[in-house]
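K.L.:
One structure follows; several queries about it will come next.
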């Protein structure tokens, strides 16, 4: 073997016996297999923002499920007009609304409304988005053309404006389900678009071809191979849409086309307090804080999940 | 380019038909008498009912009703508000005010958001970047009506820097606070988009080439990095226009700005649903046209869009 080094040249490359190849290419054969979800969990676990948002969300869920643990004061029945816009007193830590109701109790009891709307809308968006996105991405052709155009039409109407129209017409039937349907029916195309794009990318992967070669049916390939590998962006977008749905409900209630005033809702309370901003700002600001903190916790969770599931976002951190 | 414009305009037509049909369907194909339904719990005077029935041709089959409605829109006939004023006339009065508000808000948004995003992106991981992230998270979480009321309370009532409501004629100085409030709705998105785009552009070869040519940082940042980072931000303005319109309804309602948004807001509050429907239809049409224009503008900026199928 001819030597390429001049006699006086020092080693630029280490001799083979100094760096055993095993050390470079070593594979931990007994280690757990890594995948997107395990990596994501390892990443998420290290971030304080995840634990803060998880703790806040847990608190919100507990408050929504068991309001009785937090307050004994009835939000609607114990109201006395003599307390109108009053400050804090013993047993009523946050003072009173214009109608003389306990603000703290109303905030506690309004939690479940916001959370229910958020959850129902999110399920609706995920369901419609996955069905439309998966079918149009995976099967393509005329089905894709038709479904994508339908999505375009729904996408072209800002969903709060659409919900304003729906809720104006259905104002007599307004409740948590109707308002969630009104928001969700127009908010799904974004999810469908994201999933469709991801499926277009995944469906040409080798493992899909392998499954086809093994004779797995098309539907089963979609369900077992393509969908699990393209669902990550959908999870990110649905976490964030939970926050948007809560804001949408509050905005509609604020505009007066949301939930009936008899329903406990932060949006309704903020709307009712708007005319007393000068004299009793706390009646408006306290429910606003509850609303914003809840939204913030879901937004933060969405951020963390996005960073964990999207390597590009992780690189930019 | 001409081919692209034609294709893009043709694509917009089915969407235009679809959206107007959808709005019409939502209102007039609901169970029960749609005219009575439009008024919710209120009972309108019989004369108004009669006039609306006549206007919307409820004796015709649904699909015919829709085409009459569509024909009316294209002839510029959007109906009459409850006060008897044609909707088109109200639009002509209020639209310039909203346009000024939107313009001012977009200026604040672009200047503030792009500056913050640029600094964050250039000093990735620094203190400014970290605080910009926190501030943008908070802005995303605050519904626009909360920002509006808090702004009105702090800057209007407590500090007295601005008038709490907009005076007659809506002078520019009165529009500053509402415009800032309106801008907060999309501020976070602009900051993040700019930041991500700047980080990506900064690692491109042409930036390294410029640096190795010996160009100063003062030239590289605005000319090489910023300009090339702006394309996704400009496109986002189209999506953002929807946020802006919903925001305008809320902001103009809170600050009493005499624009299109306040007209919608008041019509909603008063339960004048036919007016709401007419205005929402107009807003959706404007939204579609603006997005079409932005798409075309984008094609001017980026030739790849023109040639892609």
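Keep in mind that glycine also has a Cβ here, set from the backbone N, Cα and C atoms.
What TrEMBL says about a protein is an automatic prediction, not a curated fact.
Keep in mind that this is a model prediction, so the values were computed, not measured.
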K.L.:
Check each of the ranges A:176-195, A:196-215, A:256-275 against TrEMBL and return the one annotated as transmembrane segment.
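P.N.:
So the range that TrEMBL calls transmembrane segment is A:176-195.
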K.L.:
Quick one: sort out which of A:86-107, A:284-305 is the transmembrane segment according to TrEMBL.
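P.N.:
In TrEMBL, the transmembrane segment feature sits at A:284-305.
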K.L.:
Tell me if the transmembrane segment (A:176-195) touches the transmembrane segment (A:50-70). I count contact as 3 or more CB pairs below 8 A, with pairs 6 or more residues apart.
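P.N.:
Since fewer than 3 Cβ pairs under 8 Å link them, the transmembrane segment (A:50-70) and the transmembrane segment (A:176-195) do not come into contact.
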K.L.:
Can you see whether the transmembrane segment (A:176-195) and the transmembrane segment (A:284-305) are touching - at least 3 CB pairs under 8 angstroms, only pairs 6 or more apart in sequence?
P.N.:
no
K.L.:
Using a Cβ-Cβ cut-off of under 8 Å, list the residues of the same chain that are 6+ residues beyond the ends of the transmembrane segment (A:153-170) and lie near it.
P.N.:
178-179, 181-183, 185-190, 193, 248, 251-252, 255, 257-258
K.L.:
Residue list, the transmembrane segment (A:119-141) vs rest of chain: Cβ under 8 Å, 6 or more residues beyond ends.
P.N.:
147-148, 150-151, 176-177, 180-181, 183-185, 187-200, 203, 218, 222, 226-227, 230-231, 234, 237-238, 241-242, 245, 248
K.L.:
Taking residues 6+ outside the transmembrane segment (A:226-248), which of them lie with a CB under 8 Å of any CB in it?
P.N.:
36, 114-115, 117-119, 121-122, 125-126, 129-130, 133-134, 137-138, 159-160, 163, 180, 183-184, 187, 190-191, 194-195, 198-199, 201-203, 205, 208, 291, 294-296, 298-299, 301-302, 305-306, 309-310
